[in-house]
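Report on the following structure.
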Amino acid sequence: MSSIVDDGISFRPLDIDDFDKGYSECLQQLTEAKFTKEQFIERFNQIKKQSDTYFLIVAVDVKLNKIIACGSLFVEKKFIRNCGKCGHIEDIVVNNNYRGKNLGLRIIEQLKCIGSQAGCYKIILDCSEANVKFYEKCKFERKGVQMSIYLPTPPKL
């Protein structure tokens, strides 16, 4: 995916230098996302080694050189559907100061395109009830019920 610049906003893959451009701060508007630069670099390098599985996109305010939105696609390799692939969209967030500019929609559209190019037979996501209308605008439909269990944090070795 090449960088797309529109209205002073660039859309591109996550880069190793993005910790210093506010990636953590952007994610924190979605959920708890505190991590050190060292943790970011370690995880970034792990993800980079699986470039056919993980696709992380950021939107950058070019003037401020600051990340203002992000999202990710994880491609799950399955045995069902003739050893098909299922895309999972995760961690869609737009900085509060930039909402209403269709940035989330544009990130979703790019992730859907990546999923299609990766050969996914479907793309799924989980969202809160408050975000259903947004994802319907992105052409997603309600399907099934989400279930989850949060596990305790394992002790550090």
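Quick reminder: no glycine exception, Cβ is built from N, Cα and C everywhere.
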*Pick the one from Thr31, Thr36 that Swiss-Prot also lists for the substrate site with Lys78, Phe79, Ile80, Arg81, Glu90, Asp91, Ile92, Tyr121, Lys122.*
Thr31
*Helix, strand or coil: which one is Arg81 (substrate binding site) in, per DSSP?*
helix
*Which of the binding-site residues Gly100, Asn102, Tyr135, Lys137 has its Cα closest in space to the Cα of Asp91 (substrate binding site)?*
Tyr135
_Between the Cα atoms of Lys137 (acetyl-CoA binding site) and Tyr121 (substrate binding site), what distance do you get, rounded to the nearest Å?_
20
*Can you tell which of the binding-site residues Gly100, Asn102, Gly104, Tyr135 lies nearest to Arg81 (substrate binding site) in space, using Cα positions?*
Tyr135
*binding-site residues listed as Thr31, Asn102, least Cβ neighbours within 10 Å*: Thr31
